[in-house]
Amino acid sequence: MGEPKRIVATHGMRCFSKIKMFLLALLGAYLSKSLSGIYMNSMLTQIERQFNIPTSIVGLINGSFEIGNLLLIIFVSYFGTKLHRPIMIGIGCVVMGLGCFLISLPHFLMGRYEYEKTISPASNLSSNSFLCSGNRTKTLTPTPDPAECAKEIKSSMWIYVMVGNLIRGIGETPIMPLGISYIEDFAKSENSPLYIGILESGKIFGPLIGLFLASFCATIYVDTGSVNTDDLTITPTDTRWVGAWWIGFLICAGVNILTSIPFFFLPKTLSKYELDDNVDVTKSDKEEKHLEKANKKKRGLTKDFLPFMRSLSCNSVYMLFLLVTVIQMNAFVPLLTFLPKYLEQQYGKSTAEIIFLIGAYNFTPVCIGYLVSGLIMKKFKITVKKAAYIAFCLSLTEYLLSFFNFMLTCDNFPVAGLTASYQHERIQQPLYVENKVLDDCNTRCNCLTKTWDPVCGDSGLAYMSACHAGCEKSVGTGINMVFQNCTCIRPSGNSSAVLGLCNKGPGCTVKLQYYFIMTMITSFIFSLAAIPGYMVLLRCIKSEEKSLGVGLHAFFMRVFAGIPAPIYFGALIDTTCLYWGTLKCGEQGACRMYDINNFRRVYLGLPAALRGSSYLPAFFIVLLVRKLQFPEEVDSAELKVAEVKLTEKESGCMVVHRSPVVENNRELKTRL
C-alpha cells in the first residue's frame, strides 16, 4: 500500500512543477507583451509628431494591433487547443519581437526630424529675420523648397509602424486564450483564480517597466547622436518635441524573443491529478489515455465547431457578458490610448513626466488589487453568484468615483490671438482665424501667420512667435535665447520673452496630484472587480467550450471596441484642435494646441456615458446568475445529500463516509 502512495506523490510533484514552470513562462510572456503594448501607447504622441499625422491616424495605428489579433483569434482559440499550445505561444512571442523591430525601422530609413521653427541654428545677433521687422515683405507662409517638399513624402512611413503593430497583434494572439485554457485544463480548479491573478499581475509589472522605459526614451531627442542638441530651440515640454521612441521598440523586440525560448521545451499536455490517498496512479494513467484517444476519435478539428457556437449563442449570461465587455471597452480603450495626450494638454507637463507619473501612481494599486482579489477568491471559495455580485458592486463604485475627475481641470494655455486677447482677456470660445491672430502692436512686423514657434512673455501671456510678441531684439542661442523690446507685451517695449509656452501655474500641478491620488483609488477598486468578473465569464462556459468562448470574447472586444474606438475617438479629439502645425509645403501637420475644455468633454464625457449604459445588462447578469446552478454547486449539493442518505442507511454505526474528491462520488453512489 505504501508504494502506490509514494508513486502518486512523486508523480504529483512532477506534474505540479510542470504547471508551475508553464505559469512562470506564461508570466514572462504576459510581461513582454504588456511591456511592448504599453510602450506603444505611451509613444503614440511622439509618433504623431514624428510623422505629422492627425490623431485619427494615430487611432488607426493603435487599432492595427487589434486587426492583427483579429485575423487569427478564432482560429487560434479553437484549433490551438488541438495543437501544441506551448509551442504556439512561443512562436507568437517571436512574431511579436519581429513586429516591434519593424516599428522601429522608419527611424533608420528617414532623414532627420525637422520641426516648425522661425529660428535657424545659425541665427545670431546679426541675423534676426525671425523678429519684428517692418523692412520684410509680408508673407503668410514660408516659400517651399521643392527638395524639402520631396522629403516630406517620407512621412508616409508611418505605414511601417502600422504594419509592425499589426504583426505584433498577430503574435500576441495565442498567448491569452491558449495560456488560460492550458491552466484551466491542467491546474486544480481551486488554484485557477490565484494563477489568473498572478498572470494579471504580470500584465501590470510589464506596463510598469514599459512606462518607465517610455519616460526615459521621451527625454532623449529622437535624433540623438546625429544632431547637436545645443542647437535645439525646443524642450521636452514643447508640443513639437519628439523623443527617441525607436530605442524602446528595439528593446521590446529583444525581450519578446527571449521570453519565447522556454515554451519550446514544455510538454503538449499535463496529467491533472488530485493527490488523494485512494487514487491508483496506474489506473488513472490508463483512464486518461483512454479518454484522450476516445476524444480524438469522437471529434475532428471542425466537427464540433458549429455546435459549440450554437451553444455559446444560447448562453444568455455569456452573451450579456459580451455586450457589457464591448460597451465598457469602447470606454476604456480610448481612455488608455489617449491618456498621456490628455494629461499633457490638461496640466501642461511633458510626455516624459506624465508617463512616469502614470507608472508611479496607477499600476502598483492595480497589481495589489489583482493579487488580493485572486487570494480572496481562493481562500473563501467564492461562488459564481457571489463573484458576479462583488464584481458589479465594485465596478459601479469605481465608476461613480471617476466623476471627480471632471472637477480636477485647468484652463487653456494663454496664447494671444487664440485663447486670450492681446489685452489678457480670456476668449470664451477659442478659434483660430488667420487674420485675427495679429493685433495693432504687430501689424507693422509682417509676421508669418502660419507658424508655430511660441514664446512666453514676462507678463504670463504666450505668443505664437517672437514676431507676434513684437520683439525686436534677441540675446543668447538655443533654448537659452531671450527676446527683448517686445511691444505687444508692454507698449513701452521694456519687456522680454523666452522660448516655449507659459507654465500653467502651481494650482494646476496640485490638481494633477489630486487626479493621480483619485486614480490610485479607482484603479485599486477596478482591479478588485476584475478577477471575480473574469471568473464569471469562465464559469458560465462549459469546459469543452472554454477555449472557444474566451477566444470569441476577445474577438468581439477587438471587432467592436479595440479597432473602431481609437479611430472614432481620435477623430473626435481632432475636432477640438485649435491650431494645426504646417509642413514646409503648406500641408497640415500634427495638432500643436487643443481647446482643453472641449477636449475634456470628449475625453471624459463620452466614456462616462458609455460605461453608464453598460450597467443595465450587467445588472441582468447578476439576476440571471442567481437563478442558475453551476457544476461545482451541483456536485456539492449531491455530495451532501449522499452523505445524509448513507448516514441514515448505516444508522446502527452512525458512520459518515466522506469522499474528498468530487470525481470519486461514484463510489459513494454505488454504496447507496
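In case you wondered, yes, glycine gets a Cβ from its N, Cα and C as well.
Pulled from TrEMBL:
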TRANSMEM  21-40  transmembrane segment
DOMAIN    21-629  domain 'Major facilitator superfamily (MFS) profile'
TRANSMEM  60-80  transmembrane segment
TRANSMEM  87-109  transmembrane segment
TRANSMEM  157-183  transmembrane segment
TRANSMEM  204-222  transmembrane segment
TRANSMEM  242-266  transmembrane segment
TRANSMEM  317-339  transmembrane segment
TRANSMEM  354-376  transmembrane segment
TRANSMEM  388-408  transmembrane segment
DOMAIN    435-490  domain 'Kazal-like'
TRANSMEM  514-538  transmembrane segment
TRANSMEM  550-573  transmembrane segment
TRANSMEM  602-625  transmembrane segment
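The DSSP breakdown of the domain 'Kazal-like' (435-490), given as helix, strand and coil counts, is 8 helix, 11 strand, 37 coil. Among the listed stretches 204-222, 354-376, 550-573, 602-625, the one sharing the most Cβ pairs under 8 Å with the transmembrane segment (388-408) is 602-625. Of the Cβ pairs linking the transmembrane segment (317-339) with the transmembrane segment (550-573) and spaced 6 or more residues apart, 3 or more are under 8 Å, so the two regions touch. Between the transmembrane segment (21-40) and the transmembrane segment (550-573) there are fewer than 3 Cβ pairs closer than 8 Å, counting only residues 6 or more apart in sequence, so the two stretches are not in contact.
Model confidence over the domain 'Major facilitator superfamily (MFS) profile' (21-629) stands at 83, taken as the mean pLDDT rounded to a whole number. Scored on C-beta pairs under 8 angstroms, the neighbour of the transmembrane segment (157-183) with the top count among 87-109, 204-222, 242-266, 354-376, 602-625 is 87-109.
Long-range contacts of the transmembrane segment (87-109) within the same chain: residues 26, 29, 32-33, 36, 40, 51, 68, 76, 80, 154, 157-158, 160-161, 163-175, 178-179, 222, 245-247, 249-250, 252-257, 259-264, each at least 6 residues beyond the stretch ends and with a Cβ under 8 Å from a Cβ of the stretch. As a quick check, the transmembrane segment (354-376) and the transmembrane segment (204-222) clear the bar of 3 or more Cβ pairs under 8 A, pairs 6 or more apart, so the two touch.
The stretch from 60-80, 204-222, 242-266, 602-625 with the most CB pairs below 8 A to the transmembrane segment (550-573) is 60-80. Listed by sequence, the residues of this chain that lie at least six past the ends of the transmembrane segment (204-222) yet keep a Cβ under 8 A from its Cβ atoms are 30-39, 42-43, 46, 50, 107, 113, 229, 232, 236, 241-248, 251-252, 350-353, 355-356, 358-359, 363-364, 366-367, 370.
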